[in-house]
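Trainee: Pasting a structure here, questions to come.
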Amino acid sequence: MSERKVLNKYYPPDFDPSKIPKLKLPKDRQYVVRLMAPFNMRCKTCGEYIYKGKKFNARKETVQNEVYLGLPIFRFYIKCTRCLAEITFKTDPENTDYTMEHGATRNFQAEKLLEEEEKRVQKEREDEELNNPMKVLENRTKDSKLEMEVLENLQELKDLNQRQAHVDFEAMLRQHRLSEEELQQRQQEEDEQETAALLEEARKQRLLEDSDSEDEAAPAPPALWPQPTAILHEAPKAKRKMDGMGGRSQLSGLVVVKKTRTEAECAGTHRGQAPLASSGAPESRGAVDPPSLPPGTSSLSQLGAYGDSEDSDNSV
């Protein structure tokens, strides 16, 4: 019994491979392959970004009439994930890379452009040096000068690194941290002082408002005598106190002593003639002095005497 899975097939003795018919396939026929996007690209139709590594079911074909050192160049067809527009790119064995051909633009190819520019400059320089020996000498002089400048810069960097090697960065950071803490503490103290000053000012203002409100709410009660006749007993004491202070009582200036009238004035009054004062002006009744009283009497008693004198004048 033969095996189910075998690698070697049976070929009969009369087998002739030339008799096997060959398939005539076109040279530009396409194959469906599974691949990943070799670089970041952006679709020109809808602007969709396709990142590197995105998987596609692509169609692969061989580019006709393009060969690099005997290596064939292949073209790949993919579709945009958003608008299904066709995007094509092909291999670039010269630069070991891929080249965008149609349907999208390649992103992040600055490094590639820089390498291409360097290669172009290098090729131009080689072409110039090939036919001009003086150009070779100039280029060598420039290269030697550039190399000396690079060495000088490198030596300066080494010296700078040696100087920085002796710097204590921990101490610098510690000092910076302490200065920040001092600054924060100083600001906190200033804030506390300002707060205390504001509270003190508010407290003083509140005390002033309370005192003003108490004065307005509670006026001073008027002084009342316990008995109506107490003023008669208190008046002589007040007079003695004022005399003891070296001045006459203020009430004494309010009392006008009435002068005694002479007999001639009284006779002229009975005849209908107005009495004339020594100064030529008529005297008022208030200007007449009352009879003198013995010392020690109060001002109220004098007022009583003054009233008696007026009554006597009216009776006359």
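Positions of Cβ are set from backbone N, Cα and C atoms, glycine also.
Nobody curates TrEMBL annotations by hand; they come from automatic prediction.
TrEMBL lists these features:
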| type | residues | note |
| --- | --- | --- |
| BINDING | CYS43, CYS46, CYS80, CYS83 | Zn(2+) binding site |
| COMPBIAS | 200-209 | compositional bias 'Basic and acidic residues' |
| REGION | 200-316 | region 'Disordered' |
| COMPBIAS | 234-243 | compositional bias 'Basic and acidic residues' |
Trainee: List the same-chain residues at least 6 positions away in sequence whose Cβ sits under 8 Å from the Cβ of CYS43 (Zn(2+) binding site), in sequence order, or say none.
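Mentor: The answer is TYR49, ILE50, CYS80, ARG82, CYS83, ALA85, ILE87, GLY103, ALA104.
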Trainee: If you draw a 10 Å sphere on the Cβ of CYS80 (Zn(2+) binding site), how many other Cβ atoms land inside?
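Mentor: Its Cβ has 21 other Cβ atoms within 10 Å.
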Trainee: What's the number of neighbouring CB atoms sitting within 10 A of the CB on CYS83 (Zn(2+) binding site)?
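Mentor: So the number of other Cβ atoms within 10 Å of CYS83 (Zn(2+) binding site) is 12.
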Trainee: Measuring CB to CB from CYS46 (Zn(2+) binding site), give everything in the same chain under 8 Å that is also at least six residues away in sequence.
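Mentor: For CYS46 (Zn(2+) binding site), the qualifying residues are CYS80, ARG82, CYS83, ALA85.
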Trainee: What is the set of residues, excluding CYS43, CYS46, CYS80, CYS83, whose C-beta falls within 8 angstroms of the centroid of the C-beta atoms at the Zn(2+) site?
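Mentor: Going along the sequence, the neighbours come out as LYS44, THR45, GLY47, GLU48, THR81, ARG82, LEU84, ALA85.
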Trainee: Summarise the compositional bias 'Basic and acidic residues' (200-209) by DSSP state, stating how many residues are helix, strand and coil.
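Mentor: Split into helix, strand and coil, the compositional bias 'Basic and acidic residues' (200-209) gives 10 helix, 0 strand, 0 coil.
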